[in-house]
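**Q** Structure incoming, see below.
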Amino acid sequence: MAGSGSRRCRRLEVEAARAVLGSADTLLFDCDGVLWRGEAAVGGAAAALGRLAAAGKRLCYVTNNSSRTRAAYTEKLQRLGFPPAEPRHVFGSAYCAARYLRQALPLGAAAYVLGSPALAAELEAVGVPHLGPGPAALPGPTPADWARAPLDPAVRAVLVGFDEHFSYAKLCQALRYLLRGGPDCLLVGTNRDHRLPLEGGAAIPGTGCLVKAVETAAQREAFIVGKPNRYMFDCVVSEFGIDPARTIMVGDRLDTDILMGNTCGLTTLLTLTGVTTLDEVKGHQESDCPARQSLVPDFYVDSIADLLPALGD
């Protein structure tokens, strides 16, 4: 793929794959679009990860999905035939957000949550009090009623994740907590993914749309824990002490997986079983814009199964 930019992406052929994998001790995998699509494993992916695990590689899973707990991910990995994983090997945006708030909030301070039961469960697991998950109705018929609704005095953060019950009532409460607390009330988002692709070319709005609504109302920017922010990678480093130079980031999205990997100094591997096409890579690669160049992976494969010949029997 010739072009004028400085970064080059090339297909990871067998001999190169042996060298790249041989120099790594840790691989970070995005999940949906890389290991599985919906409820079906990508063909050959479980076998490839099984051989990587047998070769002594550390396998970790980094996902922006805030609608599943770490335990739910380990169960899905097992159900789809992947090597056994412990919850500590899974770094979802729900867990990373809970970890961040546990460190950033004073003892006993609570979070107002726009998010899923999984996000609430991860907060509970680390001991962060919270309120807000589930449907919410406006507290009266007029804006004056909405502005007088009770506020919990313990709330010192607003946390925004994927929330199928997102509503104007919740947006009002989030804004009121942020206005009351000012800079001392944290605004945290799990990720900025603006669209979630579905099978057949369909899509639904992602968490980034909800984060943007709260940011717009509050006129301030949220701290994002998920990819491409390096905080998620820092969580992995804190848990395992991994060396970026010996770590491979495997993903299907340029603006999250590959950008985080490049930013953090990892070897980046794009798989074409998800949302990204090779034409998109080529477009970024041929650009002289540094921001677009940062989206170019080091290598690509059609599927994780392409690694199997390099891994032997």
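A Cβ is built for glycine as well, from the same backbone N, Cα and C atoms used for every other residue.
Please treat TrEMBL annotations as automatic predictions, because they have not gone through curation.
These numbers come from a predicted model, not from an experiment.
Heads up, here are the entries from TrEMBL:
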ACT_SITE  D30  active site, nucleophile
BINDING   D30, D32, D252  Mg(2+) binding site
ACT_SITE  D32  active site, proton donor
BINDING   K227  substrate binding site
**Q** Rounded to the nearest Å, what's the C-alpha distance separating D252 (Mg(2+) binding site) and K227 (substrate binding site)? Just drop the number here, would you?
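**A** Between the alpha carbons of D252 (Mg(2+) binding site) and K227 (substrate binding site) there are 12 Å.
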**Q** Roughly how many angstrom lie between the C-alpha atoms of D30 (active site, nucleophile) and K227 (substrate binding site)?
**A** 10
**Q** Starting from the Cβ centroid of D30, D32, D252, which together make up the recorded Mg(2+) site, report each further residue of the same chain whose Cβ lies within 8 Å of that point, ordered by sequence.
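**A** Same chain, not in D30, D32, D252, Cβ within 8 Å: C31, G33, V34, L35, T63, G251, R253, D257, T271, G274, V275.
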**Q** Where D32 (Mg(2+) binding site) and K227 (substrate binding site) are concerned, what is their Cα separation in Å, rounded?
**A** 14
**Q** Quick one: of D32, D252, which of the binding-site residues has the smallest count of other CB atoms within 10 A?
**A** D32
**Q** Could you list the residues of the same chain, at least six apart in sequence, whose Cβ is under 8 A from the Cβ of the residue listed as 'substrate binding site'?
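**A** Listed in sequence order, they are D30, V62, N64, N191, G251, T256, D257, L259, M260.
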**Q** When a 10 Å sphere is centred on the Cβ of the residue listed as 'active site, nucleophile', how many other Cβ atoms does it contain?
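**A** Counting Cβ neighbours of the residue listed as 'active site, nucleophile' within 10 Å gives 24.
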